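*Asks:* For reference, the structure I am asking about is given below.
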């Protein structure tokens with residue numbers, strides 16, 4: 001009898017998962033930005049805004065009346081997204097600018113152009129990222145994950161920081177991941193030259209996002225600029241394009257994965273919700289403060305990572 005039941009259960013499993021999917025998805029996609037704040041006259045930059053979570057984040061901010069810059073590597077795709085957002089929201093102040101986070105020259109060029117163009121910056125959302133890339137280096141010789149996900153946004157934030165201070169109250173949102181729990185900052189192997197694993201490299205870079213957020217919050221205390229890191233949830237994303245295994249897993253569990261719109265909610269919560277200033281430096285998931293790993297709470301590592309990052313990017317260490 002048992003021998004007959006097991007094959008039957010295997011046959012029924014896909015059907016049972018399908019039937020349970022709505023409730024499971026509801027459970028996994030909890031957390032909705034409930035803020036009603038409107039943004040007329042506000043200026044926002046969203047990196048990686050031509051797809052996925054970044055696109056949905058930019059769309060909602062445009063819907064609320066902000067002047068939104070889509071900072072993305074693929075300008076042609078960005079222009080198509082900008083037109084889509086303009087049509088959907090009726091907000092024509094959706095602009096596309098070239099930003100390649102794997103090239104510090106591109107980052108500096110973006111910042112220079114933005115600072116010449118705008119008098120204010122109220123929200124910076126560091127959303128762009130890479131995931132599970134085969135070993136490769138940025139234009140400046142950094143390992144791709146740490147180079148794009150951490151160092152690229154570290155430099156961009158520094159270049160725009162004075163504008164954020166001048167525009168205070170203002171906010172910085174860094175998109176991290178639950179994967180940071182598997183991350184470690186190996187200062188002796190920051191560029192992955194001694195040993196490399198694509199999955200772990202992603203985790204390390206997401207840990208770096210949280211450490212950067214916490215150290216930045218300490219340094220910005222009293223400036224009127226607040227900063228938050230977020231875990232968007234497990235989201236349908238182009239980031240898995242480098243891994244056939246992850247693409248297969250995403251397809252297998254597609255019933256349970258958040259949509260990009262759902263994944264954008266925590267970024268929006270941290271960008272918009274009033275009274276969040278006292279929680280600067282915290283990590284959020286599903287629009288609530290979330291627990292982080294022991295290493296992510298290590299102030300000594302955060303300070304050292306700050307100094308090492310400044311040294312790698314040629315920024316003054318203070």
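Just so you know, glycine gets a Cβ as well, placed from its N, Cα and C.
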*Asks:* Of the residues 112, 206, which is given the N6-acetyllysine tag by Swiss-Prot?
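*Replies:* Cross-referencing 112, 206 with Swiss-Prot, N6-acetyllysine lands on 112.
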*Asks:* Around the Cβ of residue 54 (NADP(+) binding site), how many other Cβ atoms lie within 10 Å? Please give the count over every shown protein chain.
*Replies:* 27
*Asks:* Could you check which of the binding-site residues (48, 50, 52, 53) sits closest to residue 112 (N6-acetyllysine), going Cα to Cα?
*Replies:* 48
*Asks:* Return only the integer: C-alpha distance in Å from residue 53 (NADP(+) binding site) to residue 177 (substrate binding site).
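*Replies:* Cα to Cα, residue 53 (NADP(+) binding site) and residue 177 (substrate binding site) are separated by 13 Å.
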*Asks:* Which of 50, 51, 177 has the fewest nearby Cβ atoms, counting only those within 10 Å, among these binding-site residues?
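*Replies:* If we count Cβ atoms within 10 Å for the binding-site residues 50, 51, 177, the smallest count is at 51.
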*Asks:* Through the lens of DSSP with three states only, how would you label residue 53 (NADP(+) binding site)?
*Replies:* helix
